[in-house]
Amino acid sequence: YIAAVYEHESILSPNPEALVSRQSALELMGRNLDIYEQQAAAAARQGAQIIVFPEDGIHGFNFTRSSIYPYLDFVPHSQSVKWNPCRESYLFNDTEVLQRLSCMALKNKIFLVANLGTKQPCERTDPHCPSDGRYQFNTDVAFSDDGVLIATYRKHNLYFEYAFDTPPEPDYKLFDTPFAGQFGMFTCFDILFFEPAVNLIRQYNLKQVVYPTAWMNQLPLLAAVEFQQAFATAFNVNVLAANIHHPTLGMTGSGIYTPVKSFIYHNMESFGGKLIVAEIPVVTTDYKTDLERNERFGENLHHSCKTLTSAPLDDQVCIKEGQETHSRGSGKGNEQLPPLFYAEMMYDNFTFVPVWGENGEVQVCANTLCCYLNYQRAVLTDELYALGVFDGLHTVHGTYYVQACALVKCGGFSFSTCGQEVTEATAVIDFQLWGNFSTRYIFPLLLTSGITLDYADHRGWKNNHYFMSKNRTSTGLLTAALYGRWYEKD
């Protein structure tokens with residue numbers, strides 16, 4: 001099918017905390033909707049059957065609870081109401097934004113997904129009802145190609161959004177299309193949590209996801225395109241991800257992802273929006289069979305190795321013949337072990353070991369997680385790389401438990417620069433990276449120079465270790481990481 005996502009440079013309120021009238025809120029939102037209208041038409045001309053717009057694209061961000069109120073539409077949050085806002089505008093008050101979106105879908109004969117702020121009055125008898133008598137939600141809406149509102153999803157994992165409420169229960173929202181079956185939907189920060197993103201995909205065995213986001217890039221492990229791709233790969237789904245475009249705020253990175261191919265846009269230089277249109281296959285293979293296939297992939301991994309007999313059976317590690325079992329470096333006799341050091345990466349205290357020389361084997365452990373790397377550089381460049389491990393609770397800008405094994409390019413030549421945000425690299429590296437993860441949820445990250453993406457040749461489980469291998473990255477390697485989320489320990 002042909003899908004479109006639009007990375008939108010939203011027109012923002014100069015003073016989002018000011019109280020304005022509904023009329024002036026509609027004027028500002030109307031300017032953003034004018035751009036949406038042009039893009040929906042452009043996508044339809046290119047044959048797109050569905051288009052996704054970003055989070056906060058219509059109203060912007062940094063509001064207070066009261067200052068956002070004039071920007072909110074009323075949306076009936078019941079699937080029992082079949083409503084076409086374009087044709088039945090008279091049914092509900094304060095639905096001007098929904099009407100315009102519905103008319104765009106109808107006029108262009110395209111399924112359309114957008115994000116807006118919505119309000120819902122609540123009864124004083126409702127124990128969750130806020131003191132002002134209304135809920136305010138960060139909401140995704142989906143319209144069919146005849147303008148009918150077919151799904152509404154209220155964001156569950158808010159990212160410091162004080163203007164909005166968390167819904168009492170996670171929404172599991174799906175909608176049907178004639179061209180690709182069922183789509184699920186969730187928003188931005190939701191992608192890092194079990195509820196509702198992972199649970200939705202697992203329960204309904206979903207193959208297509210629409211994903212509006214307003215994501216601030218954080219290298220080396222959480223650039224927008226990097227994690228969007230890893231999610232599509234890990235769950236064997238197609239992801240249609242639309243981000244906001246505000247490079248000065250670190251916001252860019254949208255794409256259309258299949259488990260094996262990506263069509264992405266990441267641009268921290270230019271201004272203006274970007275429409276991505278791509279034809280992609282409907283994913284049919286089951287997530288479970290993907291895991292089983294990975295098991296088989298792993299059969300030929302470390303084929304020249306013996307299993308350590310000293311390791312417990314459920315925690316086997318493969319070590320090459322002749323390698324010292326305690327070795328962190330390449331076990332050639334009594335060479336110096338490379339030094340362990342600590343550096344902050346992504347606000348977490350990672351334990352690192354430097355990756356020196358043209359080739360070798362290193363390992364590094366923290367808590368229960370041990371990470372192992374076999375590597376060979378095509379040409380020895382004067383760039384410092386390090387293998388890092390983190391196994392703990394991440395607590396800055398959100399709280400969630402991470403297990404990560406990461407090979408990263410450092411910012412300079414000193415150890416303290418490892419974990420810094422780096423965007424260019426020249427070292428082309430072959431590698432096998434693996435770790436004894438305690439969670440089944442591993443996101444394989446592979447980011448190359450200029451914030452471009454690469455795909456692992458093989459990845460999967462083998463002897464209770466998750467691995468990823470690559471024969472020569474396409475360009476210089478920035479990050480090769482296994483980013484595990486241990487949801488139960490959040």
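Cβ atoms are placed via backbone N, Cα and C, with glycine included.
TrEMBL has this to say about the protein:
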ACT_SITE  Glu55  active site, proton acceptor
ACT_SITE  Lys155  active site, proton donor
ACT_SITE  Cys188  active site, nucleophile
DOMAIN    15-282  domain 'CN hydrolase'
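Counting in whole angstrom, the residue listed as 'active site, nucleophile' lies 7 from Glu55 (active site, proton acceptor) by their C-alpha atoms. This prediction places the mean pLDDT of the domain 'CN hydrolase' (15-282) at 97. Around the Cβ of the residue listed as 'active site, nucleophile', a 10 Å sphere holds 27 further Cβ atoms from the protein chains shown. Distance from the CA of the residue listed as 'active site, proton donor' to the CA of Glu55 (active site, proton acceptor) is 10 Å. Annotation for the residue listed as 'active site, proton donor': same-chain Cβ neighbours under 8 Å, separated by at least 6 residues, are Glu55, Phe137, Asn138, Thr139, Asp140, Glu161, Phe164, Thr166, Phe186, Thr187, Cys188, Phe189, Asp190.
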